[in-house]
Amino acid sequence: MRKYVIIGVQGSGKGTQSLLLARDLDLVHISVGDIFRWHVQHHTKLGAQVRRIMAAGKLVGDDLVEGVVRGRLEQHDWNFGFVIDGFPRNRRQAEFFLESYDIDGVIHLDLPDTEVRRRVLARRLCSGCGMDYNLIFDRPEAEGRCDVCGGELVAREDDTEEALAERLRTYHEKTDPVLELFRRKEYVVTVDARADIGTVQRNLRRELGLPPPEKP
Ligand code: AMP
């Protein structure tokens, strides 16, 4: 059983790297942001509660987030473990998490803010199936259309200049201390996220003492 946390600023490749790791090791990828986006898209009560907060690039309240994380982990569909992405994002969430679960490692994807801006403003999401694209390094074959389902590609509602500035500020203010807390417990491996996807994956596995990826 392996339980990992992945931390990194927006656009650092948390989702991509988590999926690659989860696929090979049979781990469940839990993205708190994806869970919230699902609720917004499906117009649930929770979606209505978080939509504006997310669009402004602010953090959703801790009670709500902890309830979502607890509920998700209580499904116990993670026989081989999980990679949790987007949580914990502040000290209180980190303390809640450490009290409830023992973790094997924290992957910190390190990316300078200037590179974050370039990447995030080029992100697109399929409005049909939710597939991710990036106009810099993962362009769709037909402009503006999803390769998988043909759906329209749109920017995430929170990928605007203003929301990004707010998210960067929040990240440094609230999430940097989480990294400090985990560092003191010697959980953290830091990987340079400027490299290409395959290199980042190989490096993070080496740092975690895991075998290299099966598929290059
Ligand atoms: P992400 O996809 O991880 O960037 O998350 C998108 C948005 O969901 C964030 O900007 C927050 O508004 C909200 N969110 C996701 N995870 C958390 C969390 N752990 N604590 C508070 N808000 C969160």
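Placed from the backbone N, Cα and C atoms, the Cβ positions cover glycine too.
Automatic, uncurated: that is what TrEMBL annotation is.
Among the ranges 84-121, 122-159, the stretch that TrEMBL annotates as region 'LID' is 122-159. Checking TrEMBL for region 'NMP' across the ranges 1-30, 31-60 points to 31-60.
Binding of AMP is attributed by TrEMBL to ARG37, LYS58, LEU59, VAL60, GLY86, PHE87, PRO88, ARG89, GLN93, ARG156, and within the candidate set ARG167, ARG183 the record adds ARG167 to that site. Here ALA195 (ATP binding site) is positioned 21 angstrom away from GLY86 (AMP binding site), judged by their C-alpha atoms. Cβ packing within 10 Å was compared across the binding-site residues SER12, THR16, GLN93, and the lowest neighbour count falls to THR16. SER12 (ATP binding site) sits 18 Å from LEU59 (AMP binding site), taking the C-alpha atoms as the reference points.
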